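Database features (Swiss-Prot):
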- 382, 384, 522: Mn(2+) binding site (BINDING)
- 382, 384, 522: Mg(2+) binding site (BINDING)
- 392, 499, 502, 518: Zn(2+) binding site (BINDING)
- 54-237: region 'Binding site for the cap structure m7GTP' (REGION)
- 459: site 'Important for exonuclease activity' (SITE)
């Protein structure tokens, strides 16, 4: 590794402390107050149970609910909290160059974190596998002659088998007040002794990163430090573990001075100045987001924490109420607010979707994804909306279970509302973030001379012709309405989870409630009707990723 790409961790920490000293404050009294409240208010038998859960090799939804419930109790007992607040950064206090640098680093950090949560190396998988998949993997490893992962070794696999992995977000951070309360109660040590011990650890942290050897030497003076242990894996360490990192953070928060990063307070009024200072430190020491998967370096750490929440103490506060990740909670708007000359601002809702197509990177991504379409496989197409104003398009290949399914914000909102009542039942508000330009890009990328099946071809033919795709051939199966809808309920029962956009009540001309029309469901319904049976799909997936289908209008989401 070249010197220019060497992470000089403590040197970076010291530089960040110098640059951000005006954003730090004395939080010692507040931390001790919160620790006292936790000592008096927490059920430590439940704390012990959660610590046991965090030692399990496989954890499920019940375990997660137990952790989240205890976290909620902690949240209700403390004053130091970070709140969920979206932060939109525009050119102004931060220059366009600084915003672009910030955007690039957040994107790199996102990629690094996602890789660390789902690494490919055998035996170090950190994502969500079901119990059945884990057992099956063990059998496969034995078949191919690979050893079963050592359960007690470093890099132990601990997996959350949960239905909604987003509920794991922001549930594992350490808090000085919680660390102190657990140390005092569970080691039967007075809180004042814990404060003194951690303060000494914090003083050491002003000149170096404390390690286990330092800890061993300090134990003679402070026996309570004996509860601190080395964590073999940093995967999902909770606030209830006695890790060295948690203890060092607590020590830093207890110092009256030292300009410790742990005492930074971020507010809407100072967030841009704080980020500007962070970027200033980055430039001075050539800090960067490392490609290496693992613990975050000091620059990555402060970047993530500050962008996660727009209000609160990013290092030491309770953040379990925050929704989303750093790249979701910080958005960058690089558009100019200066109106065009002689161009009156349109009334809200009157101009339709923003006239912005795909970016170059999105176009290249779509081109790669569309390469997975089999041009010779039987393929269905269906649309919702008008041919000149479609709001939903689906292309489905039953042989391999793959499909293209996306949405479009309508131009004619009055017509959309009529169609919603009598056909698709979609909510206009749900389409505001649909990616503009996707319809033309997808249709333009379909293989040359492809043959598509449909039930009713007039609107689809007009849509294809409007995109100069007269080479694409249509086969209209021309079933009766009754025959075409025969498998409607069965398809919705089995595959309805694939689309959650049809939320309204739909009535026919006789004002009788009917099932909303979904372009994707209709493709599967027509396939079922034509074969007189439900398709047996081993796998089913949309080749378009969610962040290509949706985006914030005029805003780049990081």
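Glycine is no exception: its Cβ is also placed from the backbone N, Cα and C atoms.
Feature map: annotations from Swiss-Prot on the structure.
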{"residue": "382", "record": "Mn(2+) binding site", "contacts (Cβ under 8 Å, 6+ apart)": "393, 394, 454, 455, 460, 519, 520, 522, 523, 526"}
{"residue": "384", "record": "Mn(2+) binding site", "contacts (Cβ under 8 Å, 6+ apart)": "390, 391, 392, 393, 419, 423, 424, 426, 517, 518, 519"}
{"residue": "459", "record": "site 'Important for exonuclease activity'", "contacts (Cβ under 8 Å, 6+ apart)": "383, 386, 387"}
{"residue": "499", "record": "Zn(2+) binding site", "contacts (Cβ under 8 Å, 6+ apart)": "405, 518, 520, 521"}
{"residue": "502", "record": "Zn(2+) binding site", "contacts (Cβ under 8 Å, 6+ apart)": "424, 425, 426, 516, 517, 518"}
(request) Would you report the average pLDDT that the model assigns to the region 'Binding site for the cap structure m7GTP' (54-237)? (result) 80
(request) Kindly assign residue 502 (Zn(2+) binding site) to one of the three DSSP-derived states: helix, strand or coil. (result) strand
(request) Take the Cβ of residue 522 (Mn(2+) binding site) and count every other Cβ within 10 Å, whichever protein chain it belongs to. (result) 25
(message) At a 10 Å cut-off from the C-beta of residue 392 (Zn(2+) binding site), count the other C-beta atoms across all protein chains.
(response) 24
(request) Around the Cβ of residue 518 (Zn(2+) binding site), how many other Cβ atoms lie within 10 Å? Please give the count over every shown protein chain. (result) 27
